[in-house]
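According to TrEMBL, the protein carries these features:
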DOMAIN    4-137  domain 'EamA'
DOMAIN    171-308  domain 'EamA'
TRANSMEM  27-47  transmembrane segment
TRANSMEM  59-78  transmembrane segment
TRANSMEM  84-108  transmembrane segment
TRANSMEM  120-140  transmembrane segment
TRANSMEM  170-189  transmembrane segment
TRANSMEM  201-219  transmembrane segment
TRANSMEM  239-257  transmembrane segment
TRANSMEM  264-283  transmembrane segment
TRANSMEM  289-308  transmembrane segment
TRANSMEM  365-388  transmembrane segment
């Protein structure tokens, strides 16, 4: 998991380098998901061929919404905020996503506030700390901290990272917050679809949609064909790295780790992305660290772990209650275990209610949806957070 998070942290650095080379971020995102789709579709066909359920309109709709908020809209907003701020700033802001997802789940009545419990208080306090950290990161800079300096700047224009105007900083902050809100909405919708559809297939379906939608959007925004040119340079390296390595392979590894150790185990490593970006940004991009950024990062990370700890405690208590109930119904428990064994230990609506439908889980409907899913938007990065909700 350490290697995974360090690899994901490299996305921000690669984005910065590609932007400095003159590459359009819209084209970059489009190419990223073309490569991601080419990588994830074979994975879905291989690993989900036995567990993939029949494609339904509800799954198709949920996948479309996941693609919209988790990909095309969210990723373009995030990329634009990255160009207006620093790589470290953008990485820090993404840590408020779980807190935003918790707030949205409360508003939509998908989550209990439970302020009277220790877990509920931890989630509320963690949310407030995360939001406070985001505000500090936006509006307070503080003194510059000269911890180290390599005098190395791989960007073509050093002023792009060290001398952003205050207007760019505020606008970039707003775009980052809106992007995080989009990702939070994506998590809520993904919590539903991941319960009834395999993660590889869902990722592949929305990656193909992402490629189609992002290409259409980029072609409307970038009229010159020269903007799409990829040579043996940083542009091609960024596209392959973010599409195949970060979106494809790393998501597959995280999905495997989530099934093996649980999504909270995977989530606990996410702050390593921020640490990686902060170190690489200061060493390679000559980004400066400020006191306000350090204070904000501490608040956001403490808030993040508060939300994760509270949710983990609730999940543990819920599991204990479910275990106590199942112990009084041995016959029913035996049925659940038998049906779940056919779907890698996780019972689904189809396997529990009508196992005969498993015979209809072919690749035809899946491939059909891949071919005609251009009504959707961009990518599902993973299905690791579904148990948060």
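Glycine too: its Cβ is placed from the backbone N, Cα and C atoms.
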Contact between the transmembrane segment (239-257) and the transmembrane segment (84-108) (at least 3 Cβ pairs under 8 Å, separation 6+): no
For the transmembrane segment (289-308), sequence-distant contacts whose Cβ falls under 8 Å of one of its Cβ atoms, 6 or more beyond its ends: 88-89, 92, 95-96, 98-99, 102, 122-123, 125-134, 136-137, 140-145, 147, 264, 267-268, 270-271, 274, 278, 282
CB contact flag for the transmembrane segment (84-108) and the transmembrane segment (201-219), at least three pairs under 8 A: no
The domain 'EamA' (171-308) - residue tally per DSSP class, helix then strand then coil: 115 helix, 3 strand, 20 coil
Beyond the flanks of the transmembrane segment (170-189) by at least 6 residues, Cβ under 8 Å: 62, 65-66, 69-71, 73-75, 77-78, 80-85, 89-90, 93-94, 96-98, 100-101, 103-105, 108, 110, 134, 137-138, 164, 380, 385-386, 388-389
